[in-house]
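Features reported for this protein in TrEMBL:
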DOMAIN    7-159  domain 'Sodium/calcium exchanger membrane region'
DOMAIN    195-333  domain 'Sodium/calcium exchanger membrane region'
TRANSMEM  6-27  transmembrane segment
TRANSMEM  39-65  transmembrane segment
TRANSMEM  77-100  transmembrane segment
TRANSMEM  121-137  transmembrane segment
TRANSMEM  143-159  transmembrane segment
TRANSMEM  190-212  transmembrane segment
TRANSMEM  218-237  transmembrane segment
TRANSMEM  258-281  transmembrane segment
TRANSMEM  287-306  transmembrane segment
TRANSMEM  313-333  transmembrane segment
């Protein structure tokens, strides 16, 4: 019976949404306690927090699973994460702005810290570009390892620069009351902020795990081919927390946090997991994997060019990520 699994699927989605709601609230308060601006909160704290769970899976597959197929799965997952973020997540964020505007919850104008958006996309293009080009020298193991170490160092530099850029950001907006304080009457201090943050991450990870499991079961029961499942459905499910976080923040008109959560995750996914891929696998990107990498690169480049020329982020420009995703689907099925 498919219906019980569909009900479980919806239930797992609610767990993720509940976790994301508590996570966005806690991470904002943690950023305030640490005197961090929205750019650092979105691009580092929220991005790494939500990207870490799905990052661990391919790394474990690469390090501990045996056989060439496990390496292929690991490489596909590592290369696929920036693609999903740069295409589908951008599309959903742009769509969220438009939908909220139609319901008169906000306006189409996006109030984004352009320096944060430009910095993240620039780092992504450089780091991911180098990672993709490394595939053309995949036979030179020593050079590959040097490049991998360089990519990891580049991420550390990115974190340092992000924190430095935010150090003088003293402007603070009023935050919604910490949910542990509102609902459980607990004091609003660092201990309970961290407790809410950790609990929300556990809920997100648990919900995402259930969601992926039930999506796979429902897909197989209704006869969805394994290729569609592994290339399309599962990656969409694993990147769900980032998308939901951004939708929540867009609704609160916190656009820097919403986009920083995505672009920061793109920088993280294009450097830290890639290090493991380059060192421990043949790192020979080809076919679908290479196409997804090129499209992710195109999405970031087009959005960066738009911001440089227009000096603004436009929700309709973000929708172009959906077009690139359709091109990817066309490549697979046509």
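Backbone N, Cα and C define each Cβ position, glycine as well.
Only residues 6 or more beyond the boundaries of the transmembrane segment (6-27), in the same chain, are considered here, and those with a CB under 8 A from a CB of the stretch are 41, 45-46, 49-50, 176, 178-179, 193-194, 196-197, 199-204, 206-208, 210-211, 214-215, 218, 240-241, 244-245, 248-249, 257. Same-chain residues lying 6+ beyond the ends of the transmembrane segment (77-100) with a Cβ under 8 Å from its Cβ atoms: 51, 54-55, 57-58, 61, 106, 108, 110, 124, 128, 231, 235-236, 238-239, 242-243, 246-247, 250-251, 255, 258-259, 262, 265-266, 269-270, 273-274, 276-277, 285, 289, 292-293, 295-297, 299-300, 303, 314-322, 324-325, 328. Per DSSP, the secondary structure of the domain 'Sodium/calcium exchanger membrane region' (195-333) breaks down as 120 helix, 0 strand, 19 coil. Beyond its flanks by at least six residues, the transmembrane segment (190-212) meets 8-9, 11-16, 18-23, 25-27, 29-30, 33, 49-50, 53-54, 178-181, 234, 237-238, 240-241 of its own chain at Cβ-Cβ distances under 8 Å. By number of Cβ pairs under 8 Å, the transmembrane segment (258-281) is matched best by 143-159 from the list 121-137, 143-159, 287-306. With a cut-off of 8 Å between Cβ atoms, the residues of this chain six or more beyond the transmembrane segment (39-65) that come close are 23-24, 27-28, 30-31, 71, 73-75, 77-78, 81, 113, 115-116, 119-120, 159, 162-163, 165-166, 169, 197, 201, 204-205, 208, 238-239, 241-242, 245, 249, 256-265, 267-269, 272-273, 276-277, 280-281.
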